[in-house]
Ligand code: CDP
């Protein structure tokens, strides 16, 4: 029997760059037997299309967002550092966000979902029965992102400082934009993950979902 008690819930997972949203969302989707949607991939795919065409991420996002096809999200070059920054730039444009909004809602409405991003609890699914905002210090997030990319911890302080700077730039950009800025929904549960590993975060979140009656006891 499924652990899920609510039929088709949407679980919103938001937070700044490299906070571990994807790891948590993927594991949670498995536990709850729900589909998983990584909305960052949509913005990354739009940015990739703009870069491939030699366009300007600040201006050419809307056209590419309207032409996005499912194969764009299956590319294996969406997580490169140049795409991190370009995704954050295309994501500022209200027309890009508008072009992607209905796709996200359609995905979640069909049979519930675990959805991760920046504006899931505030804009995409404001009625989600469970919202989490996952954070950690920029230093911890930079180290995690480095390990994810290189398969080992970063021991070079200069290199780590560059990673921290890139993360801070993106967070500032994401939080300062007028359209759907990065911020916790009023009813989001904050989860600070500096001292938790992936299993610890999952356990903590599952406990809250039990308290909310979304996971069976
Ligand atoms: O995995 P990471 O946290 O590094 O980033 P991501 O979730 O893949 O998102 C990449 C970029 O897309 C972010 O920096 C945001 O600018 C944008 N984004 C957004 O604006 N809204 C979302 N729901 C998801 C991502």
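Quick reminder: no glycine exception, Cβ is built from N, Cα and C everywhere.
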Candidate ranges 54-75, 76-97, 98-119 [criterion: TrEMBL lists as region 'Disordered']: 54-75
Remaining residues near the recorded ATP site, that is with C-beta within 8 Å of the centroid of the site residues 15, 16, 17, 18, 19, 20, 21, 22, 23: 24, 116, 134, 136, 141, 144
Those binding-site residues in 15, 17, 23 whose CB falls under 6 A of ligand 1, listed in sequence order: 17
